[in-house]
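*Asks:* Okay, these came from Swiss-Prot:
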- 10-126: domain 'MTTase N-terminal' (DOMAIN)
- CYS19, CYS55, CYS89: [4Fe-4S] cluster 1 binding site (BINDING)
- 147-384: domain 'Radical SAM core' (DOMAIN)
- CYS161, CYS165, CYS168: [4Fe-4S] cluster 2 binding site (BINDING)
- 387-455: domain 'TRAM' (DOMAIN)
Amino acid sequence: MPAANAQSRGSYWITTFGCQMNKADSERMAGILESMGYRAANAELEADLVLYNTCTIRDNAEQKVYSYLGRQAQRKRLDPNLTLIVAGCVAQQEGESLLRRVPELDLVMGPQHANRLEVLLNRVDSGQQVVATEDHHILEDITTARRDSSICGWVNVIYGCNERCTYCVVPSVRGKEQSRLPEAIRLEMEGLAAQGYKEITLLGQNIDAYGRDLPGITPEGRRQHTLTDLLHQVHDVSGIKRIRFATSHPRYFTERLIDACADLPKLCEHFHIPFQSGDNDVLRAMARGYTVERYRRIIDRIRERMPDASLSADVIVAFPGETDLQYQRTLDLIEEIGFDQVNTAAYSPRPNTPAATWDNQLPEEVKVIRLQTINALVERCARERNARYAGRTEEVLAEGINPKDPSQLMGRTRTNRLTFFQAAGPDGHQHNPGDLVNVRIDAVRSFSLSGTPLPCVEQR
């Protein structure tokens, strides 16, 4: 809600492209706008301020942004009072050139500047056309986010990325790693718990690299601040029932972290660990810093400690120079491990990345065929993995109403399976968003489950 002394400044609309980090940034920027007196618009074309929080990890996401911008630029030529903003990774990558391409823009701001939105808008109000893409230390706890959910919340714990994967633009647009202090993270979680939140997902580009930039060494000679230590420090926040984290890098996913996830009861048994390729030579070309054998050991240890854990990953097919045999090894690894879900993408050359300059790019038709083939395998593996839930009773956190059937609630199991069930149980009990519900699984599909609610585990 706007601050008590904030004057109404009209309405705003935010469209978010890309990852969970962007979604969390958008929530913070929405909070800033509402503290300034803006209110959420009912539709984009009704908004007095339009903000696109952008993604540049693949070319198709970037082109979609320009399509949206074209429509709003045309609108602004008819209504000069419209405030038009591009934030996020496209803004960081393109900077001043965005103003040349879309001169109707008022503000171009990289992801490191999300917390500075009010300061930057004040400059816009004074008549400036503003570009903010310089390196900037991310300020701690200066905004209150406007959350899109009142049940599940995101908490950023580390910003940026120090890796140098040859295909990836993230380090150049999100900057170097900046870890938040554990005390600040815990304080934010306590605030969310006080508002009634039940589940928190801790976020970072490489979340298991958390703390590498923070000072301190333990008497045993290891870093004082790690993701494992952070999980222990926030686990007892009263009111929070579930904790997740994403996204992990295999290089930093330690046995100590796995043991903490197995031992701490609030930690959900779901792990998103990208592997990108099932071939070691391709991994070396990508500069990923681990081998397929290392990845297998991580998965083996997870399943040793948490046999029913669900696993998801990211993979890139048709990387420059990828042979048929190397591609087949990726297919074989997916089948061998049996992922619950894999996010797939054909390689997309990105500006200012080494791989984009290589002369062994694969033809588009090869990319299409390899992507179609791997997607069919991923769906089959997901369906086979989901089959194990049939007839079981799973704890589901009801997150909201099924938009396709208002009589149903939808939520996720601890293993992150999307689950639908009737809000009214067979005994007539009415379940509500925020309830933890025991659901008997009656039907399974590739990427979701359906079931019957049993007596409520816990009501909100």
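Here the Cβ of each residue, glycine as well, is placed from N, Cα and C on the backbone.
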*Asks:* Write out how many residues of the domain 'TRAM' (387-455) are helix, how many strand and how many coil, based on DSSP.
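*Replies:* Helix/strand/coil tally for the domain 'TRAM' (387-455): 3 helix, 38 strand, 28 coil.
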*Asks:* Would you list, in sequence order, the residues of this chain other than CYS19, CYS55, CYS89 that have their CB within 8 A of the centroid of the site's CB atoms, where the site is the one recorded for [4Fe-4S] cluster 1?
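*Replies:* The surrounding set, listed in chain order, is PHE17, GLY18, MET21, ASN22, THR54, THR56, ILE57, ALA61, GLY88, VAL170.
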*Asks:* Which one is closest to CYS55 ([4Fe-4S] cluster 1 binding site) in space, judged by CA to CA distance, out of the binding-site residues CYS161, CYS165, CYS168?
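*Replies:* Spatially nearest to CYS55 ([4Fe-4S] cluster 1 binding site) by Cα position is CYS168.
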*Asks:* Roughly how many Å lie between the Cα atoms of CYS89 ([4Fe-4S] cluster 1 binding site) and CYS168 ([4Fe-4S] cluster 2 binding site), rounded to a whole value?
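*Replies:* Pair distance, Cα basis, whole Å: 12 Å.
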*Asks:* Using C-alpha atoms only, work out the spacing between CYS168 ([4Fe-4S] cluster 2 binding site) and CYS19 ([4Fe-4S] cluster 1 binding site) and round it to an integer in Å.
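*Replies:* The separation of the Cα atoms works out to 14 Å.
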*Asks:* How many Å lie between the Cα of CYS19 ([4Fe-4S] cluster 1 binding site) and the Cα of CYS165 ([4Fe-4S] cluster 2 binding site)?
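*Replies:* Pair distance, Cα basis, whole Å: 18 Å.
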*Asks:* Around the recorded [4Fe-4S] cluster 2 site, report the further residues of that chain (criterion: Cβ within 8 Å of the mean position of the Cβ atoms of CYS161, CYS165, CYS168; site residues excluded), sequence-ordered.
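*Replies:* Surrounding the site, in chain order, are GLU163, ARG164, TYR167, VAL169, VAL170, PRO171, GLN205.
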*Asks:* Around the C-beta of CYS165 ([4Fe-4S] cluster 2 binding site), how many further C-beta atoms are within 10 angstroms, looking at every protein chain?
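*Replies:* A 10 Å sphere around the Cβ of CYS165 ([4Fe-4S] cluster 2 binding site) contains 20 other Cβ atoms.
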*Asks:* Take the Cβ of CYS161 ([4Fe-4S] cluster 2 binding site) and count every other Cβ within 10 Å, whichever protein chain it belongs to.
*Replies:* 21
*Asks:* Under the DSSP assignment, what numbers of helix, strand and coil residues are found in the domain 'MTTase N-terminal' (10-126)?
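*Replies:* Reading the DSSP string over the domain 'MTTase N-terminal' (10-126) gives 66 helix, 23 strand, 28 coil.
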*Asks:* Which of CYS19, CYS55, CYS89, CYS168 (the binding-site residues) has the most other Cβ atoms within 10 Å?
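*Replies:* The residue with the densest Cβ neighbourhood is CYS89.
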